Amino acid sequence: MTYPARAVVDLGAIAGNVARLREVAGPAEVMAVVKGDAYGHGLVPVARAALGAGATWLGVAQLGEALTLRAAGVDARTLTWLYAPGAPLAEALRADLDLSVAAPWALDEVVGAARESGVVARVHLKVDTGMGRSGLFLDEWGGLLDAAVRAQAAGEIDVVGVWSHLASADDAESGLTAEQTRVFAEAVRRAEDAGAHLEVRHLANSAGTLAHAATHFDLVRPGIAVVGLSPFGDRTADELGLTPAMRLEAELTIVKHAPAGQGVSYGHEYTTSEATSLAVVPLGYADGIPRHAGGAGPVQVGDTWSRIAGRVCMDQFVLDLGAGANAHAGDVAVLFGSGADGEPTAADWARAADTITYEIVTRLGPRVPRVHVGGRDA
């Protein structure tokens, strides 16, 4: 392998996480959300691992992601929801994809695509229950619902789902989840009364799946939990019965002595306090390492944690290993993993970079190889 770093993804952990989510979901089916290249873990391998563990649906934001799954031979029911006017929806229908409809223009384009392709479109109507993002609010949703049911009667679409998204299910103190659930149930009732052919009603994200049984309905849509990360700030993956699937590591390229008072990296924001060993890790912000993790991002070399010394550069950063370090070029530096071997976790990095675990794993760039182990795509 030519690149001196890699993200090792344990597909066995993915399967175990899906099994855990199925257990929590009870009678509800599981849609594994694999958007954003499966949160940076690899779209097709993670999708296959999730399906093999019992997920019955896949979900992706972008139409291109859904078409990539189909091109790879993944034929499970797949919902895609984020597209702009003029998107190739006829191609999506010919690929046997389910489409979200969140606005009147989207319904018009889906109906047009159904006529063009000769395929009856499977539609999931989105209602905004309080997220304030995609979908229409309930007091405006009736017109879209009526138009969709007319298109269904004309044989152009089939309204197979109603869905929405939770805004604060990760906050145990918020009453918004209960209110969103109430609004969603009313939207479902209206759709059923109007004659929609509903197969699935779905609201729960990872936090809803794990903490709010009332949000489960027919189908849950976990994403970050599939890759083993906690959606909560106050509950760890281990406490939830999940295993983080990604381990980010790199070989040290330089280990050298440095005197006390040596400035490190651009701007010399870090200066050695004593004679020490400095090590270069060949990952930088071009690979998705947060630049603002300089001085804070934790890395394990051997059994010892160090923090990034100074600024993160485009392709590399520096560690101050300390005066007694016994490290050499080629030794493995672990940025994060499951924590089972004492290494930092994505949650540690999220705290260091003042962000969330979702961003830490999803932002990893395409030049970092994904190495899949423990499954069909290993």
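Note: Cβ is positioned from N, Cα and C throughout, glycine not excepted.
Straight from Swiss-Prot, the features:
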ACT_SITE  LYS35  active site, proton acceptor
ACT_SITE  TYR266  active site, proton acceptor
BINDING   ARG133, MET314  substrate binding site
MOD_RES   LYS35  N6-(pyridoxal phosphate)lysine
Per residue, counting other C-beta atoms within 10 angstroms of the C-beta, which of the recorded positions LYS35, ARG133 reaches the highest number? LYS35
A correct count of other C-beta atoms within 10 Å of the C-beta of TYR266 (active site, proton acceptor) gives 11
Applying a 10 Å Cβ distance cut-off over all chains shown, what neighbour count does MET314 (substrate binding site) have? 11
Cα distance, MET314 (substrate binding site) to TYR266 (active site, proton acceptor), nearest Å? 11
How long is the line from the C-alpha of LYS35 (active site, proton acceptor) to the C-alpha of ARG133 (substrate binding site), rounded to the nearest angstrom? 17
